[in-house]
2 protein chains.
Amino acid sequence: MSGKKSIGVAVLGLGNVGSEVVRIINESAADLEARIGAPLELRGVGVRRVSGDRGVPADLLTDDIDALVSRDDVDIVVEVMGPVEPARKAILSALEQGKSVVTANKALMAQSTGELAQAAENARVDLYFEAAVAGAIPVIRPLTQSLAGDSVVRVAGIVNGTTNYILSEMDSTGADYASALADASALGYAEADPTADVEGYDAAAKAAILASIAFHTRVTADDVYREGITKVSAEDFASARALGCTIKLLAICERISTDEGKQRVSARVYPALVPLTHPLAAVNGAFNAVVVEAEAAGRLMFYGQGAGGAPTASAVMGDLVMAARNRVQGGRGPRESKYAKLKIAPIGFIPTRYYVNMNVADRPGVLSAVAAEFSKREVSIAEVRQEGMVDDEGAPCGARIVVVTHQATDAALSETVEALADLDVVQTINSVLRMEGTDV
Amino acid sequence: MSGKKSIGVAVLGLGNVGSEVVRIINESAADLEARIGAPLELRGVGVRRVSGDRGVPADLLTDDIDALVSRDDVDIVVEVMGPVEPARKAILSALEQGKSVVTANKALMAQSTGELAQAAENARVDLYFEAAVAGAIPVIRPLTQSLAGDSVVRVAGIVNGTTNYILSEMDSTGADYASALADASALGYAEADPTADVEGYDAAAKAAILASIAFHTRVTADDVYREGITKVSAEDFASARALGCTIKLLAICERISTDEGKQRVSARVYPALVPLTHPLAAVNGAFNAVVVEAEAAGRLMFYGQGAGGAPTASAVMGDLVMAARNRVQGGRGPRESKYAKLKIAPIGFIPTRYYVNMNVADRPGVLSAVAAEFSKREVSIAEVRQEGMVDDEGAPCGARIVVVTHQATDAALSETVEALADLDVVQTINSVLRMEGTDV
C-alpha cells in the first residue's frame, strides 16, 4: 500500500467490459500507480443483482448503485453497464457530486451529451467516453486533441462490428442477408435482437458523437439520417463486385457549404458501394476503421477492434488513467466544444451517387425512357449495365438494368427513383444504394 | 480583438512547416480562439536571416532567437527549425523561462528528451512533440493517453516517407536502388544528402521516441539497432515477391522477456520482408503507418501522411492548441513517464527470421552443406529455393539459393551467415534481410 492518497474507483456493470476493467485494475496495479502518481483502488462494482461468483470479492459487489456512486471515497465512476437508463441517472448523480466519469455508453452520449457535459462543466470534472466509439481505436482523443488546430472536413467510418461481419460474410461467400445474420448470431457477433445493429441505430449514435466532436457542434442521434443493411441482397454484392466495389455500412460526418457559403453538418449512416481501392473496403469482419480528412492533415485512418470486452476495456482504462492523473496533478481534459453551432443539412441536400438496380420490360426504347428520367433532373449517368433475364423455363422475361450515377443531390436522385418506379416499362426497383469514396 | 488575455506564440523556423503554422494561426484565428478560450497571437517568427518577402509582416521576423524566446509576452514557443542545435538551446531556454514548448524535432527529442523533460518538469510547463513522429498521424497522444491503461507489447511502423517512396518505387517498377533514389530526389522526396533517411537515422530517432513512450523507459537514438536500405537490390524485391512479400524499412519497438522472465526493450530499424497480407505492406509512397499491439486493445493501426509542411503543421497546431488550453484552464499534459526503466535488449538476443540470398557452386552436396550450417546453430529452415544460373554466354555458372528461416535469435542467424560466407561452395552472399510480420 502506497503512502499516497489513493484514487477511488467505482465500476458500474460487470459484463464483458466491466470484468476486463476490474481485471486490469487489479493485475496492472503497480503500472497504473506509476503512470498516475497514486494508487487506483476499486471501491465497489455496481451490478443489477448480487449473486453467484462474479470473479470479484463479494464485499465489492453491490446492487445499490446510488449508494456506491455517492461514497466519499469514490473519485471516479466508470459506467459500462448500458443502456441509457439507469446509466444516465447514475452518471448525472456522479458528476453532480464532483466525481469524474468514464463511460462507454454511445446511446447515452449521442442523446444526452449536452446535459452531461453541462454537469461536468458545473462541477469542473472530467467526462470521458473514448470507448463509446470504435472500441479500442483512439478516435475521440485524436479528434479533440491531435486535430484541435486543424479543420476537419469529413469523418467516414465502419463503426459497427456486427454489420461489418455480416456484410463481409455476404461479400466473401455470396450468402444472402438472412443466412449471414444467422451465422453472425451463432458466432456471438449479433445479439438476439439485432435491430440496434442491423438498422443502423448503433452506428447513428456513434456518427452523432463523431460529428459533435469533429465540427464543434452538438449533434444527437436524431439528427443522423439512417438506413440499415436489411435490404442489401446477394445480387447487390454481385453487382458491386462487377463495378469494382464492395458494400459497407458507413457512418459519414461531413462539413459542407451551401450555395450561399454557409457551413452545414451532415451526419448519415447507410450501406454504400465503396471502391475496392478505398482503404475502408479492406476492413473486414468485426474490425472497425475511421477515416478522418482534415484541411492540413489530409487523410488519416485509424483501424482496430471496435468491440469486445478487452478492446473496449483498453479505451476505458486509458480514460480512467487520464481522469485519475488529472485528479492527482490538477487540470482537466478538454471540455465539450460546441461553439460552431452549425445547422444540420437535410439528407436531400447532400451530394451523393446512386446505384439503382431494376427489372424492366425487354423492348425497344426502355433504356431511353429510363435514361430520360435521370436527365430530366440533371442527374448524370456514369455507368449502365443491361442484361436479358430468363424465367424458370428459360424463356426471356425482361431485362435487368443497373445504373450508377455521378454526384447529384440526394433529393434529385430520390425523385428520379420515384419517377422510375412509376414508369410502365419498369417492373420493379430491386435496389437503391449510394456509392461513396470515389471523389467523382 | 478579444477582451481576454491572449496567448503569445513565438514560432522558430519559417520553412515548409513554419510557414504553414503561421498561416493556420492567422487564417483560423476565430476557430482557434473558440477552442482555446483565448486568442492566440503570433509575437514573432525566428529565422536565420531576416531577408526578402517571407509571407510574414517584416516586423514579426527576427534573427535574434534568444530575445524572441525571452519576451515576456511569449507564452508558448513552437520550434520547427531543426536541427539539434540551435533548437536544443532555444527550447531549453524557453522551458527554463516557464514557456511551454511544441517541437517537431525528432533528432533532438531522440537525443535530449531527458534534459528537456526535466526542464519542463521543473518549470511545470508542457513539452509536446506529436509532430516529431509520423507527421500528421496521431501516435504520441494515443500511446501516452489512449493506451495509458493498457500494456503495449509492440510498435512497428513505416515512419520515413523518403525510404518508403524509394522502396515502393523499386517494388512497383523493378527499378534498382540508385535509380529509385534519383527519382525520389528529382521529385523532392529525398534531400540533396539523403544519408539521414536512407541509412535509417531518421527512423531510428522516431523508434527511440516511440519506444520511450510505449514502454515508459528512456530510449535514445543510440540505443536503436539500425540498418539502412542502400543494399536492398532489385533482385531482393523479385525474391520477396516470389515469397509473397514486399520489402519495407521498419521501425520496431518491442517489449520482450528474457529466459529469466525479465522485461527488456528492443528498438530497431531495418529493411525487412513483410507479407503482402500484412497491413503495413499496403502502405506505399510517402505515406506512413504505425501498428501498435497492446495486451487489451489488440492490434491498432494509424495511417496518414508522415511528412510535408501542412500535415506536420496539423500535428504542431494540435499540440499548440492543447498547450494554450492548459495555459488558459490550468493543468498540464502528460509528463515524461520513465518509471519502468527497462534495459535495452541487444540485437543478438532478438528472435527474428532471416532471408539469405547466395550464389553457390552447382554441384552435388552443396545444398546439404548449406543446410548443415543452419541446423548446427539450431536455426530451422522454412523455405528454400534453388535455381541454376547462366553466364553472359548462356553457360551454366553455379546456382542461386534463397533460404528463409523460421524464428531464431539474431545472434544465431548472423553466426550462420558468417559460417556460410566461409564455406568453399558459397561464392557470394548476395543479400541478408530479416522477415517480419509473419508470426512464425
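A Cβ is built for glycine as well, from the same backbone N, Cα and C atoms used for every other residue.
These figures come from a predicted structure and were not determined experimentally.
Here's what TrEMBL has on this protein:
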- B:Leu12, B:Gly13, B:Leu14, B:Gly15, B:Asn16, B:Val17, B:Gly18, B:Ser19: NADP(+) binding site (BINDING)
- B:Lys106: NADPH binding site (BINDING)
- B:Glu191: L-homoserine binding site (BINDING)
- B:Lys206: active site, proton donor (ACT_SITE)
- B:355-434: domain 'ACT' (DOMAIN)
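The structure, with features from TrEMBL marked on it.
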| residue | record | contacts (Cβ under 8 Å, 6+ apart) |
| --- | --- | --- |
| B:Leu12 | NADP(+) binding site | B:Gly18, B:Val45, B:Gly46, B:Ile65, B:Leu68, B:Val69, B:Val77, B:Val78, B:Glu79, B:Val80, B:Met81, B:Ala87, B:Ala90 |
| B:Gly13 | NADP(+) binding site | B:Gly46, B:Val47, B:Glu79, B:Val80, B:Met81, B:Gly82 |
| B:Leu14 | NADP(+) binding site | B:Val22, B:Val45, B:Val47, B:Arg54, B:Val56, B:Leu61 |
| B:Gly15 | NADP(+) binding site | B:Val80, B:Met81, B:Gly309 |
| B:Asn16 | NADP(+) binding site | B:Gly308, B:Gly309, B:Thr312 |
| B:Val17 | NADP(+) binding site | B:Val80, B:Ala104, B:Ala131, B:Gly309, B:Thr312, B:Ala313, B:Val316 |
| B:Lys106 | NADPH binding site | B:Phe129, B:Ala132, B:Val133, B:Asp202, B:Ala205, B:Lys206, B:Ile209 |
| B:Glu191 | L-homoserine binding site | B:Thr162, B:Ser185, B:Asp197 |
Other CB atoms, at most 10 A from the CB of the residue listed as 'active site, proton donor': 30
For the domain 'ACT' (B:355-434), the mean pLDDT of the predicted model: 93
Near-site residues: NADP(+), ref B:Leu12, B:Gly13, B:Leu14, B:Gly15, B:Asn16, B:Val17, B:Gly18, B:Ser19, CB cutoff 8 A to centroid: B:Val11, B:Glu20, B:Val21, B:Val22, B:Val80, B:Met81, B:Gly309
Number of other Cβ atoms within 10 Å of the Cβ of B:Ser19 (NADP(+) binding site) across all protein chains: 20
Counts by DSSP class (helix H/G/I, strand E/B, coil) across the domain 'ACT' (B:355-434): 24 helix, 37 strand, 19 coil
All-chain count of other Cβ atoms within 10 Å of B:Gly18 (NADP(+) binding site): 26
Reduced DSSP assignment, B:Gly13 (NADP(+) binding site): coil
